[in-house]
Amino acid sequence: MEIRRVGVVGAGQMGSGIAHVLALSGYEVLVTDTSPEALAALPRTVARNMDRQVTKGTVSGADRDAALKRLRPTPSLSLLGQCDMVIEAATEREAVKIAIFESLVPHLAPRTILATNTSSIPITRLAARTDRPERFLGVHFMNPVPVMQLVELIRGLATSDETFAAAEELVKRLGKTAAVARDYPAFIVNRILLPMINEAAFALMEGVGDVVSIDTAMKLGTNQPMGPLELADFIGLDTCLSIMTVLHDGLGDSKYRPCPLLRTYVEAGWLGRKAKRGFYDYRGETPVPSR
Ligand SMILES: CC(=O)CC(=O)SCCNC(=O)CCNC(=O)[C@H](O)C(C)(C)COP(=O)(O)OP(=O)(O)OC[C@H]1O[C@@H](n2cnc3c(N)ncnc32)[C@H](O)[C@@H]1OP(=O)(O)O
Ligand SMILES: NC(=O)C1=CN([C@@H]2O[C@H](COP(=O)(O)OP(=O)(O)OC[C@H]3O[C@@H](n4cnc5c(N)ncnc54)[C@H](OP(=O)(O)O)[C@@H]3O)[C@@H](O)[C@H]2O)C=CC1
């Protein structure tokens, strides 16, 4: 099935990144969000990120301008009916995603593929809440989307071969590499990465190290570009907590219990970069530990 027009639901970090790479690869992109502010900010955010690539020389100014013309902030879900595929990238809460599918599905053409960018929630369970389990799958981009090469593809129990092939084709056209994960909680990347981030929060809570020592140790000790606490702030502490909760509930092993300190930060509203404060405080010149 030829995909030309793609809808994106959610204009946050991931939705704007997904819209960015889709528009640059020639797709017409309709983006919607419940937050008018997030929707209004979308073209500016994407333009700014594309400018980084123009400065770098990996994208020409003309391609950026053409891509921005293909990017259409869309006030209502109902307008996504004209899309060949819709990718949901809203908040990592199952109830939010299900509510989106329930209001979206009546507007979709029968052949439209519905995908979710969920970090962790079982695809089969989400698919069962739509009218199209055969045309539903996980297309899991990594943050920041314009830079990260990987996309995890996750079939639900009912996902058809045709649907999977269309998603594989889209990933190829984006110039990215697909890894296929089975439909278990948090798939591959977050099944391995988030327990590491959670463990860093436990190390902080137990005083094994302070914020800077933990991040420095892991950056210089294992050559990761960001330390686990810096990365948690980058992902969003609410998203990290949601992923650990899905792992703990889904796999039933106490080793996945979310770190109480991580929960405390989320309850304080210190959600990381997007809230200007998480494990670090981003309100000054340079990030400093927030406690
Ligand atoms: C939670 C989930 O469900 C799944 C996940 O996403 S898990 C998280 C996966 N992501 C990671 O692990 C990210 C780890 N961090 C990194 O790779 C790097 O720190 C980073 C790419 C984010 C930033 O790299 P950096 O060198 O420290 O900083 P920075 O210079 O800003 O960016 C590097 C390059 O990427 C580009 N870039 C960064 N963010 C960008 C964006 N949003 N859009 C476009 N370009 C971007 C920059 O232009 C820069 O290009 P040059 O180096 O050529 O100038
Ligand atoms: N952050 C990351 O590193 C990664 C996240 N993901 C996944 O991508 C998804 C989005 O994450 P992320 O972009 O970080 O989250 P953000 O919190 O940055 O953005 C979520 C966006 O969705 C909006 N939203 C909430 N409810 C609805 C709704 N009913 N309809 C439309 N929009 C809605 C939010 O608006 P408002 O703010 O007003 O609520 C917000 O703008 C999650 O499933 C997450 O697990 C996948 C890979 C990496």
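Glycine residues also receive a Cβ, built from the backbone N, Cα and C atoms like all the rest.
According to TrEMBL, the residue from Ser60, Ser119, Ser254 that belongs to the NAD(+) site alongside Gly10, Ala11, Gly12, Gln13, Met14, Gly15, Asp33, Glu92, Lys97, Asn143, Lys274 is Ser119. Looking only at the recorded positions Lys97, His140, the densest Cβ neighbourhood within 10 Å occurs at His140. Residue with the densest Cβ environment among the binding-site residues Gly10, Gly12: Gly10, by other Cβ atoms within 10 Å.
Gly10 (NAD(+) binding site) sits 14 Å from His140 (site 'Important for catalytic activity'), taking the CA atoms of both as reference points. Applying DSSP to the domain '3-hydroxyacyl-CoA dehydrogenase C-terminal' (187-282) sorts its residues as follows: 66 helix, 4 strand, 26 coil. Within the set Gly10, Ala11, Gly12, Gln13, Met14, Gly15, Asp33, Glu92, Lys97, Ser119, Asn143, Lys274 that the record links to NAD(+), no two Cα atoms are more than 20 Å apart, and one pair reaches that distance.
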